Amino acid sequence: MGMWSYALAYLAAGLGAGLVTFGAGFGIGKIAAAAMDGTARQPEAGGAIRITMIIAAAMIEGIALFGVVVCFLLASIKP
Amino acid sequence: MGMWSYALAYLAAGLGAGLVTFGAGFGIGKIAAAAMDGTARQPEAGGAIRITMIIAAAMIEGIALFGVVVCFLLASIKP
Amino acid sequence: MGMWSYALAYLAAGLGAGLVTFGAGFGIGKIAAAAMDGTARQPEAGGAIRITMIIAAAMIEGIALFGVVVCFLLASIKP
């Protein structure tokens, strides 16, 4: 019975890494798509839009890196 | 039966980290997309829009960081 | 019963790699589609749009590479 804890830890690491990347990709993708759209509409606001995009994307990046570290921890549990 | 508690704790850590990142990415993504859209329409309001975005995104970030810490705690339980 | 931990580790490695690639492909795809759209609408803003796209895509790439490393770790567990 004891091996199930490792089994589910490994399953959680894989599925968690997938979900984390999906969430980060979805969020940053939406942000950057809007940034590109805005830059095309107002090229002279491109610098301000890029700074705003980097701030928001860095926030999502911070959460996602922490989430992937949790998954890395789960994957490196030794039976 | 006792090992199942560790098993499900690990499973919850991985799935939880994934869901937390998905929620944060979705929310901050929506906020920042609207901010970029607004900056492109009124470039002279870019500074005010950016401050509003940072306040709202920091609120989501606070909840998400707490959620990831809970997942980190679950992942670091030793059997 | 002990073999189940390896079994689920391999299952998680495969599903995780798939989800990671799906998320990264979705996010970078959305970004690049918007970049192309914007360049077509304002060709003179092409350079600024391309720099913005590379920054955002590199952020998603960073998370996705970490996620795939977790899956690689799971796949290389030796029974």
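Each Cβ is built from the backbone N, Cα and C atoms, and glycine gets one as well.
Just so you know, TrEMBL annotations are computer predictions that nobody has curated.
Note that this is a predicted model, so its numbers are computed, not measured.
Feature annotation from TrEMBL assigns transmembrane segment to B:7-28 (among others).
Annotation source TrEMBL lists domain 'V-ATPase proteolipid subunit C-like' at B:11-74.
Taken from TrEMBL, the feature transmembrane segment applies to B:48-75 (among others).
Per TrEMBL, the feature site 'Reversibly protonated during proton transport' maps to B:Glu61. Within 10 Å of the Cβ of B:Glu61 (site 'Reversibly protonated during proton transport') there are 18 other Cβ atoms, across all protein chains.
Broken down with DSSP, the domain 'V-ATPase proteolipid subunit C-like' (B:11-74) shows 63 helix, 0 strand, 1 coil.
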